[in-house]
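Trainee: There's a structure below that I have some questions on.
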């Protein structure tokens, strides 16, 4: 079993949630119905097993309540295994994933509401179908032992106070969302099964309240005539359980880990081997570009609106051959308050010209897919074939990883703990255009070299508007002065004779 580290798992959770918004409503609803059916089928199997064991002390073969509860819990994870591996939509897990995407501005509130409503109603319909067609009509649970078990379970669930039921539901969906997190972080089937099994068993043994499981159990009890009544079930169980599940998934898991990891750069480059940068590793390249975007490259992104420079379409990869404009020299609104001399000073301030080609990437529209361009040899711009999901920022083409080893003199490095956020350093693989495949020497066939690998890397820096660690009070003038001093020192070190 291979588990991704927490930041990587968080990135996967975001991508997992974004994919849910791509589903058509009819398919979303159908998958939600199937999830409800899977929960109902597992609930039927658990009830058939646990109800077959008596807890009456007068019975010599009686088992304890704890044993009966564990028998029920041991089979219930089968429902979640079916849901994960078939791609069905379970409302309780969606509370976490969709909220994280909403807080990251990857989905709209409307998309979240559509997903929640469709998945909840579909889960209810699926659980109702399973309770009637798979449990009630076959008559498997109509013997006295199973009816007595159903009656006890229904009575216990509806005798709880509103606060008790709410708190039990909070704990339940915390376990469920952690199971979803573990599954997303796992890379193999066995790891997914093992990582989800124990949280699901735990919430069943703990007696927590799961709204979809209660849909099946209480509706099944009502159909068999051992339930307390429809109104009592809705008011005493369904409503507090639903609210508690939402609070548990959104509050104790989704919002907490969004706060811990936000912002995360989810730029998925066409890379052979992603190389994560150490948070504390000195990197003047990373820092200078982060400072640049911090002061002059912000985007005031609002839901449904992309506040981007005029060349945003090119920067977003819409053109495969035309080179994007250099963000350091752009004349758009993001850099309008910068004089030509200041822009030149910033460009020269990057040690060794390591990041001469910096691209301002606009925040993607909701759904978040764009193709960030990469550069191979000089003048050869292209876009990777794999879609990337990102929050916008500055993409910098770095000619050599050695450029990242210089020590930063930026004031932001001293005043902020981790100003670079979740950066990814990836080796780029560049596809040459058809015009560039023409033979450079006589005797070679046209198109003989369709691909070339270039030892180049791409940095992605998130905008400061969505970064809690970079202080906003740093003055532009002080940064420009620091950058000019750094540029002069660098020039003196590289060309000492020029000062004579």
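Quick reminder: no glycine exception, Cβ is built from N, Cα and C everywhere.
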Trainee: Quick check on the annotations: Swiss-Prot lists transmembrane segment for one of 7-27, 70-90. Which range is it?
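Mentor: In Swiss-Prot, the transmembrane segment feature sits at 70-90.
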Trainee: Looking at Swiss-Prot, is residue 220 on the same side of the membrane as residue 139?
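Mentor: Result: yes, residue 139 and residue 220 share a side in Swiss-Prot.
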Trainee: Swiss-Prot tags one of 93-113, 114-134 as transmembrane segment - which one?
Mentor: 114-134
Trainee: Of 217-237, 238-258, which range does Swiss-Prot call transmembrane segment?
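Mentor: Going through 217-237, 238-258 one by one, Swiss-Prot flags 238-258 as transmembrane segment.
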Trainee: Under Swiss-Prot, which of the candidate ranges 144-164, 165-185 is annotated transmembrane segment?
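Mentor: Within the set 144-164, 165-185, Swiss-Prot attaches transmembrane segment to 165-185.
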Trainee: Helix, strand, coil residue numbers for the topological domain 'Extracellular' (135-164) per DSSP?
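Mentor: DSSP composition of the topological domain 'Extracellular' (135-164): 21 helix, 0 strand, 9 coil.
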Trainee: Select the range from 70-90, 114-134, 165-185, 238-258 that forms the most Cβ-Cβ pairs under 8 Å with the transmembrane segment (32-52).
Mentor: 114-134
Trainee: Using DSSP, break the topological domain 'Extracellular' (53-69) down into helix, strand and coil residues and give each count.
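Mentor: Its residues fall into 5 helix, 0 strand, 12 coil.
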Trainee: May I have the DSSP-based helix, strand and coil counts for the residues of the topological domain 'Cytoplasmic' (1-31)?
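Mentor: Its residues fall into 22 helix, 1 strand, 8 coil.
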Trainee: Write out how many residues of the topological domain 'Cytoplasmic' (91-113) are helix, how many strand and how many coil, based on DSSP.
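Mentor: Once the DSSP states are binned, the topological domain 'Cytoplasmic' (91-113) shows 18 helix, 0 strand, 5 coil.
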